[in-house]
Each structure stands twice: as C-alpha cells, then as structure tokens.
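Structure, as structure tokens:
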Amino acid sequence: MSTPTYMDYSATTPVDERVAQKMMQYLTTDGNFGNPASNSHYYGWKADEAVKKARHQVADLVGADSKEIVWTSGATESDNLAIKGIAHFYHKKGNHIITLKTEHKAVLDTCRQLERENYEATYLDPMPNGLLDLNVLKKAIREDTILVSIMHVNNEIGVIQDIEAIGNLCRENKIFFHVDAAQSAGKVTIDLSKLPVDLMSFSAHKIYGPKGMGALYVRRKPRVRIEAQMHGGGHERGMRSGTLATHQIVGMGEAFAIAQAEMKEENSKIRQLRDRLLAGFVNMEEVVINGDMKNRIPGNLNISFNYVEGESLMMAVNDIAVSSGSACTSSSLEPSYVLRALGLSDELAHSSIRFTIGRYTTEAQVDKAINLVRTKVDKLRDLSPLWDMFKDGIDISKVEWTAH
C-alpha cells in the first residue's frame with residue numbers, strides 16, 4: 001500500500017530537517033545534554049545558552065521581548081495557564097470570562113472547568129463567515145469581566161480574527177486579552193510590541209517543530225500576573241515549574257527562526273497551491289466553502305460536499321490524509337461544532353473536508369487530491385437517493401419523513 005498524500009498540516013506538521021539536526025545536538029554525549037538549571041558547570045551553562053537563544057528566536061518572530069516568553073508543553077498547556085492563571089490571580093477583580101463558540105477545545109474546556117469553580121463564561125456566536133462581530137463582544141462585556149480569549153486563526157476553517165480591534169476594545173474596558181496563536185505563528189505577521197494582547201499561546205508542532213513543546217507570551221509592560229498551575233522548582237520565573245527540555249526548546253526556536261526567514265515566500269507558494277485546489281472544486285454542484293475566504297490563512301480550505309455522507313466520504317478519499325474537523329476531536333462521529341456554530345446543517349457539517357497544505361505540498365499532490373475527491377464525490381452521489389431527489393427539483397428541507 002502506498003503512503004497517503006499528507007494534506008492535514010493544521011493537525012500537525014513534519015519536523016523540518018534543519019530543526020531535527022539542531023535538536024540532535026542536545027540529546028547525547030556527542031552534544032550537550034546538560035540541564036539548563038545546572039548553573040555550576042559547563043554542561044548547564046551551554047544548555048542555558050541554547051535555551052536563551054531559542055527564547056530570543058521565538059520572541060523575534062512575534063515582536064516580543066525574550067523575557068516575556070514562558071516555555072510550556074504545548075498550546076493546550078499555554079491556554080490553560082493563561083486562562084486559569086488570570087482567573088485565579090485576579091478573582092477579586094471579577095469572575096466573568098468571554099470566549100467564542102468556535103475556539104479550540106483547550107480554551108472551551110478550560111472555561112467550562114472554571115465554570116465548575118463558580119466563574120461565569122459567555123460563549124459568543126460567530127458570524128456565518130466565522131469572524132467575530134465586535135458589537136456582539138461589546139454587548140457581552142460586564143463590569144466583572146476579567147478576560148477575553150479569542151483565537152487568532154481558527155484550526156478548522158482558517159479564518160483570521162481582527163485581534164487588534166478586539167484587543168483595543170479590551171483595553172478600553174481594562175480587560176485582559178488572551179489569544180491562541182497556535183495556527184497563526186509563522187503564517188500571519190504578529191507584532192506584540194504593537195498589538196494590544198496580554199497573553200498569547202504558541203505551539204511548536206504546528207510550525208515544523210517538535211510535538212510536546214509550546215510557549216506562552218506574558219506581557220511585562222503593562223505587567224500581567226498569572227497564578228502558576230504547576231508547582232515545583234520555580235522554573236520560568238515561577239510561572240511554570242519543571243526541568244526545561246533543551247532539545248525541544250532548541251527545536252521550537254529553530255522552527256520559529258526558519259519561519260521568520262521564509263514566511264513571506266512560503267505563504268506565496270502555499271496560497272498558489274490552495275487556489276489551485278479551490279479552482280478544482282468551484283465548478284462542482286452543491287459545494288460550500290466554509291469560512292471567510294478573504295480573512296484566511298493561505299493553506300486552509302474547508303469544503304462541504306452536499307448530499308454526501310461524511311464517514312463514507314472520509315473512507316472513500318483515504319489516499320489523501322485530510323480531516324473532517326479538529327484532530328483533537330475527529331474521533332467523534334458528531335458533526336464539527338465549529339461548522340455547526342457557523343449555522344451549517346448537520347448534513348453539511350458532516351460532509352466537510354478540511355484540506356490544509358504546507359511546506360512540503362506539491363502541485364502534483366494537489367492535482368491528485370482534486371481528481372480523487374471529484375471522482376469519489378460523484379460516485380457517492382450516484383448512490384444517494386437524496387441526490388436523485390435534489391436533481392429532480394425536490395426541496396429536501398421541506399420533505400416530511402415518516403418512521404416505519
């Protein structure tokens with residue numbers, strides 16, 4: 001069996017060869033395996049140097065000060081640390097949090113946990129294009145609101161939120177603003193020296209770095225305080241205890257440095273491939289593009305193929321590695337909660353495919369995906385009585401089904 005073509009770059013990315021080479025220098029006796037906290041000898045000093053360099057590399061990509069970067073095990077931990085950290089530290093100021101229904105589960109489930117601790121959370125509806133209406137956010141703000149958490153780029157539909165406008169609204173109301181940037185770092189320009197953002201979560205494995213590695217930006221001016229969620233040796237200025245994984249950190253730093261050097265050129269190439277993919281589907285009947293196409297990262301295309309059953313479609317196109325939702329929730333047979341929040345029917349949400357292309361995608365792979373999906377969708381529709389009814393001009397939404 002040949003290996004399927006990988007088109008699921010929003011789920012994870014392969015580690016860049018250059019990143020892997022750097023990481024290997026910090027694992028064995030051939031390189032430097034020291035503990036960065038061992039400040040009494042050469043091995044610790046060299047490891048600490050590597051960690052400091054990586055901290056600068058991550059900070060440089062996003063316009064931050066290196067002292068504002070806190071290492072974590074990934075964006076999920078960063079989201080937890082930011083949201084719980086603010087809620088617990090500033091609980092006397094208020095207990096209300098605002099987020100969006102289309103956020104990643106790492107944000108939604110963290111807010112739900114805080115609700116069990118007697119905090120209150122408001123989950124806003126997005127507009128049908130996936131973007132947040134600022135007026136909806138304005139109306140949700142209360143005197144006891146302490147935090148707004150809105151992701152920069154959605155992991156399923158790839159839309160880019162206007163975090164500058166959202167942040168300005170938060171500043172006007174003296175509310176902390178957290179942004180999950182796992183899907184935007186290296187794809188969208190981020191300058192935290194100018195953006196009104198207090199906390200921002202990052203992931204290494206979404207940007208051709210290693211899994212199990214992330215960071216949280218915590219603003220210093222004006223100073224943002226968070227309560228630690230993990231206790232121990234007081235690492236990361238007391239915000240996140242635990243021995244630093246030097247090789248992972250070096251990998252994340254290198255991945256961010258490569259992204260900074262190559263982002264403009266890479267985005268141009270990926271956008272051309274995405275547009276080629278889109279052009280292959282636009283003339284098909286009953287195809288719906290999910291999410292705003294203007295405010296969107298280059299590599300994402302989320303399409304619903306009406307009158308095709310979701311699981312059948314995913315099985316039919318198993319020669320390409322794609323997803324029908326977030327990788328974190330795709331084991332569920334429920335339709336995507338993100339697409340349902342946009343107002344899509346269960347049927348359309350079920351029949352969606354998320355194509356995400358990246359650094360190693362080729363034109364030949366895009367053409368293969370177009371041909372495969374078109375062929376399989378046509379075949380599945382030929383087997384569908386609903387498709388026959390649609391072709392006969394019957395409005396299926398008005399059909400009254402009876403049980404036997």
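Cβ atoms here come from the backbone N, Cα and C positions, even for glycine.
Here is what Swiss-Prot says about this protein:
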- Cys328: active site, cysteine persulfide intermediate (ACT_SITE)
- Ala75, Thr76, Asn155, Gln183, Ser203, Ala204, His205, Thr243: pyridoxal 5'-phosphate binding site (BINDING)
- Cys328: [2Fe-2S] cluster binding site (BINDING)
- Lys206: N6-(pyridoxal phosphate)lysine (MOD_RES)
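Shown here: features listed in Swiss-Prot, placed on the structure.
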| residue | record | CB count, 10 Å |
| --- | --- | --- |
| Ala75 | pyridoxal 5'-phosphate binding site | 29 |
| Thr76 | pyridoxal 5'-phosphate binding site | 21 |
| Asn155 | pyridoxal 5'-phosphate binding site | 26 |
| Gln183 | pyridoxal 5'-phosphate binding site | 27 |
| Ser203 | pyridoxal 5'-phosphate binding site | 29 |
| Ala204 | pyridoxal 5'-phosphate binding site | 30 |
| His205 | pyridoxal 5'-phosphate binding site | 22 |
| Lys206 | N6-(pyridoxal phosphate)lysine | 27 |
| Thr243 | pyridoxal 5'-phosphate binding site | 12 |
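Once the Cα atoms of Ala75, Thr76, Asn155, Gln183, Ser203, Ala204, His205, Thr243, the listed binders of pyridoxal 5'-phosphate, are compared pairwise, the greatest separation found is 30 Å. Comparing Thr243 (pyridoxal 5'-phosphate binding site) with Lys206 (N6-(pyridoxal phosphate)lysine), their Cα atoms are 23 Å apart once rounded.
Secondary structure at Ser203 (pyridoxal 5'-phosphate binding site), taken from DSSP and collapsed to helix, strand or coil, is strand. DSSP classifies Ala75 (pyridoxal 5'-phosphate binding site) as helix under the three-state reduction. Under the three-state DSSP scheme, Gln183 (pyridoxal 5'-phosphate binding site) falls in the coil class.
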